[in-house]
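Enquirer: Below, the features straight out of TrEMBL:
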BINDING   G47, P48, Q49, S50, S51, G52, K53, S54  GTP binding site
DOMAIN    37-252  domain 'GB1/RHD3-type G'
TOPO_DOM  1-684  topological domain 'Cytoplasmic'
TOPO_DOM  730-783  topological domain 'Cytoplasmic'
Amino acid sequence: MAEIDHCCSTQLIDGEGEFNVVGLDNFIRTTKLTNCGLSYAVLAIMGPQSSGKSTLLNHLFQTNFREMDAFRGRSQTTKGIWIANCVGIDPFTVAMDLEGTDGRERGEDDTTFEKQSALFALAIADIVLINMWCHDIGREQAANKPLLKTVFQVMMRLFSPRKTTLLFVVRDKTKTPLEYLEPILSEDIQKIWNAVSKPESHKDTPLSEFFNVEVTALSSFEEKEDLFKEQVAQLRQRFFNSISPGGLAGDRQGVVPAAGFSFSAQQIWRVIKENKDLDLPAHKVMVATVRCEEIANEKLHHLSSNEDWLALEEAVQCGPVSGFGRRLSSILETYFSGYDIETFYFDHGVRNAKRKQLESKSLDFVHPAYLNLLGHFRFKALEDFKSRLEQMLNIGEGFAASICTSTESCMLEFDQGYADAAIKQANWDASKVKEKLCRDINAHALSVQDAKLSELVVSYEKQLGQSLSEPVESLFDNAGRDTWASIRKLLTRETGIAVSEFSAAISSFELDQSTVEKMLQDLKDYARNVVEKKAREEAGKVLIRMKDRFSAVFSHDNDSMPRVWTGKEDIKTITKGARTASLSLLSVMVAIRLDGKPGEIENILFSSLMEGTVTAVSSVDRSITTSDPLASSSWEEVMVSPKSILITPVQCKSLWRQFKAETEYTVTQAISAQEAYKQSNNWLPPPWAIVAMVVLGFNEFMLLLRNPLYLMGLFVVYLLSKVMWVQMDIPGQFQHGTLAGQISISSRFLPTIMNLLRRLAEEAQGHQTDEPPRQQCSLVFQS
Ligand SMILES: Nc1nc2c(ncn2[C@@H]2O[C@H](COP(=O)(O)OP(=O)(O)OP(=O)(O)O)[C@@H](O)[C@H]2O)c(=O)[nH]1
C-alpha cells in the first residue's frame with residue numbers, strides 16, 4: 001500500500017486534450033501507486049466553472065489544486081484535468097479535478113472537451129462528485145443541468161458500465177434542510193435522465209442501474225468557513241475505506257490494477273479522443289494483456305542482465321557447474337514470483353497466459369546453457385568411460401565385464417549431473433543427450449573391441465603363419481606320396497591349437513555365437529590360405545625343384561654318396577629313377593589337396609609323361625591330343641576343383657618337356673664320363689700294335705730266349721716295374737684323367753725310386769740276418 005504524507009499533483013490532460021504521459025508516470029512513481037494493486041480508488045469532481053471544486057478537494061484531501069484567488073473575481077482557473085493523491089486517506093485515493101463546465105447546452109456533439117473529459121471521468125473514477133449550487137436545485141435553468149445531461153449521455157457510450165457513485169455536493173447550502181432538498185434534486189436528476197436520448201437496449205433502464213446517487217450539502221466556504229471546514233471533515237470520513245463493500249466506491253467491477261492505471265488512462269483517453277465507444281470489460285482485458293506483457297518483458301529483460309545468471313552462464317561455458325539447477329531455479333523464481341506479484345490484480349486468464357509466455361521465453365533463454373552443461377556432462381562421462389575401460393583392461397579384467405562396469409558408472413555419473421542441473425520450473429528432457437552418450441559409448445566400446453580383436457586375430461594369424469609356413473616348405477622340400485597327408489595333419493593340428501587358444505582369448509568379449517563362429521572360421525580359412533599360398537609359391541619353383549631332385553637322385557647312389565661314372569652303372573635305369581622322383585615331386589605340386597580326396601593325378605602324370613606320350617604327341621599326330629589326358633587346362637577328370645589347381649595339365653606337359661630338355665645334358669655328361677673312364681682304364685695297346693710288335697720284335701724275343709742272362713735281367717726289370725706299379729698306384733692315379741695321372745706319376749716317380757733304393761741300401765747294410773735274400777724278396781712282394 002502506498003503511503004505518502006504529502007500531496008503530489010500533476011496535469012493529466014492539458015486544455016488541448018494532450019495526455020501527459022511523463023507527468024502521470026512521475027506521479028505514479030512518486031506516490032508508489034503501482035504497489036496498491038486493486039486497493040485504490042479514483043474520484044473525480046465535475047461542476048460549473050469557479051464553483052469551488054478545487055477549494056473543496058484541497059480541504060477534503062489536503063491536495064494542492066490551484067484555486068482561484070477570491071479577490072480577483074470569478075474566472076476559469078482549472079484547465080484540462082489535474083490529478084493529485086488524497087493525503088491521509090486509506091485506501092490510496094486519486095483525485096481528479098476537471099475543467100469546469102460553462103453551463104451551455106452542447107447538443108449531440110461528443111467531440112467537445114467537456115463531454116470527452118466527462119466520459120473520461122466516468123470511465124476511470126469510482127466516485128464522481130457533482131459540485132452544484134444549492135440555489136440551482138429545482139431551477140429550470142440550473143447551471144449543472146447541461147453537465148448532468150452530458151454525464152448521462154456519455155454513460156450510454158460505455159459498454160457494460162460499472163456502477164458509479166454520483167455524489168452531489170450541494171454548495172452554499174441554505175437553511176432549508178437537506179431532507180427537503182434531496183427529493184427535489186432527485187426529481188431534477190430523474191427528469192434529466194428521462195430526457196436523455198438512450199439507445200434501444202437502455203430505453204427503460206433505470207438510473208439506479210448505472211449510478212449510485214448520494215447527496216451531501218456544505219455551507220459556504222466564503223461565508224461560513226468554520227462550518228464549511230467542519231462539514232468537510234465529516235464528509236472526508238466517508239472516503240475512508242471507500243472501496244470496502246458498502247463504501248462510496250463499492251462497485252469494483254471495472255477496476256484496473258494500479259500497475260495498469262497509467263496505460264489504462266492513456267488508452268481510455270485515446271479511444272475517447274478517437275470518438276470511439278469504450279468497452280470497459282474489453283478495455284480491462286486489453287490493459288491486462290498489455291501490462292502483463294510489459295511486465296513479463298521487463299522481467300525477461302532483467303533476467304537476461306542478472307549478474308548471477310551471467311556468472312552462471314559464463315561458468316557453464318567453461319565446464320560442468322555444480323548446483324546449476326538450484327542456482328538457476330532460484331534466479332528464475334525471483335522473476336516469476338516478481339511477475340506474479342506485479343500482475344496479481346490483472347485479469348486472471350490474461351495474467352496466466354502471459355505468465356506461461358514469460359516462463360516459456362525465460363526457459364528458452366536459459367535452455368542453451370542447460371544444453372551446454374549437459375554437453376559437458378556427456379563429454380566428461382564419455383572420457384571417464386574411456387579411461388575407466390582402459391584401466392580395467394590394463395589390469396586384465398574381462399572385456400565385456402569392463403564395458404558393463406564402465407558404462408554403468410559413467411551413466412550414473414551422467415544421471416547425477418543431470419539431476420543436479422534440473423530446475424523445478426521445467427521438466428527438461430535429457431533423453432536425447434543420454435541417447436547420444438549411449439551411442440558414443442557403444443561406438444567407443446565397439447572400436448576398442450574391434451582393435452583388441454584385431455590385435456588378437458593378427459597375433460594368432462602370425463602364430464599360425466610361423467607354425468605353418470616353414471614346416472610346409474620343408475614338407476615340399478621332401479615332397480612325396482605322403483606330403484599332402486602330412487600337410488593336412490600339420491594344418492589340422494596347428495589350426496586346432498590356434499582355434500582353441502583364440503576361443504579362450506575372445507571368450508571375455510562375450511560375443512554372440514554367430515560372430516564367434518565366423519571369427520573362428522576366418523582363422524581356419526587364414527591357416528588354410530597360408531598353406532595354399534605356400535603351395536602356390538612352391539609351385540612356381542617346381543621346375544627348379546624337379547631339376548634339383550633329378551640331379552640329387554642321378555648324381556648320388558643309394559647311400560647318398562656322389563656317384564662316379566665308372567662304366568658299370570646303368571645310366572638308363574638311374575635316369576629313369578631320377579625322372580620318376582622328379583615326376584613324383586611334380587605330381588605333388590600339381591594341386592592343393594587339403595580336402596584329403598585321393599588323387600589320380602600321379603597315375604595320369606606317370607602314364608602320360610613317363611611312358612613318353614608327350615614326346616610322341618608332339619612329334620607324331622596332332623589328332624592324338626584329343627585322347628591325351630594332359631591336353632586340358634583343368635583337372636576335372638580327377639575331381640580337382642579349379643581353385644585348387646596349382647599347375648594345369650598343359651603346364652605339366654610343358655614343364656616336363658622343359659625339365660627333360662634341361663636334364664638331358666646331365667645324362668649326356670654322365671654317359672661321356674662313363675666312356676672316358678672306360679677309355680682311360682684300357683691301357684693295352686691296340687691289337688694291330690701287338691701284331692706289329694710280335695712280327696717286328698721276333699728276333700729280339702728269340703735272342704732273349706737263347707741267352708738266360710738276358711732273361712734274368714728281364715725278370716729283374718719286371719719285378720722293379722711291378723713294385724713301382726704297386727707303390728705308385730698307377731691305376732688309381734689315372735682314375736682322375738690321363739693328364740692328371742701323368743702329372744701325378746711324373747711328380748712322384750723320382751721320390752719313389754729314391755725311397756726304394758734307400759730302403760734297399762739300408763736293408764743290405766744295416767740288418768744282417770740268416771736269410772737276407774728271402775726277406776728282400778718278401779719285401780718287394782709285400783710292396
Ligand atoms: N460562494 C462560495 N464561494 C466559494 C466557495 N468555495 C470557494 N469559493 C470561491 O469560489 C472561487 C473559485 O474557487 P475555485 O475553487 O477555484 O473554483 P473552481 O470550481 O475550482 O474553478 P475552476 O477550476 O476555474 O472551474 C474562489 O474565489 C473561492 O473563494 C463556496 O463554498 N461558496
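Note: Cβ is positioned from N, Cα and C throughout, glycine not excepted.
Curation does not apply to TrEMBL; its annotations are automatic.
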Enquirer: Once the chains shown are all counted, how many other Cβ atoms turn up within 10 Å of the Cβ of G52 (GTP binding site)?
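Expert: The answer is 26.
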Enquirer: How many neighbouring Cβ atoms, not counting its own, are there within 10 Å of the Cβ of S51 (GTP binding site)?
Expert: 25
Enquirer: Cβ within 8 Å of the GTP site's Cβ centroid: which residues qualify beyond G47, P48, Q49, S50, S51, G52, K53, S54?
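Expert: Everything else in range on the chain: T78, G100, N131.
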Enquirer: What mean pLDDT does the predicted model reach across the topological domain 'Cytoplasmic' (1-684)?
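Expert: Reported value for the topological domain 'Cytoplasmic' (1-684) is a mean pLDDT of 86.
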Enquirer: How many other Cβ atoms are found within 10 Å of the Cβ atom of K53 (GTP binding site), counting all protein chains shown?
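Expert: Looking across every protein chain shown, the total is 26.
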Enquirer: Using all protein chains shown, find which of the binding-site residues Q49, S50, S54 scores highest when you count other CB atoms within 10 A of its CB.
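Expert: The most densely surrounded of these binding-site residues is S54.
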Enquirer: Provide the number of Cβ atoms within 10 Å of the Cβ of G47 (GTP binding site), excluding the reference atom itself.
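Expert: So the number of other Cβ atoms within 10 Å of G47 (GTP binding site) is 23.
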Enquirer: Helix, strand or coil: which one is K53 (GTP binding site) in, per DSSP?
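Expert: In three-state terms, K53 (GTP binding site) counts as helix.
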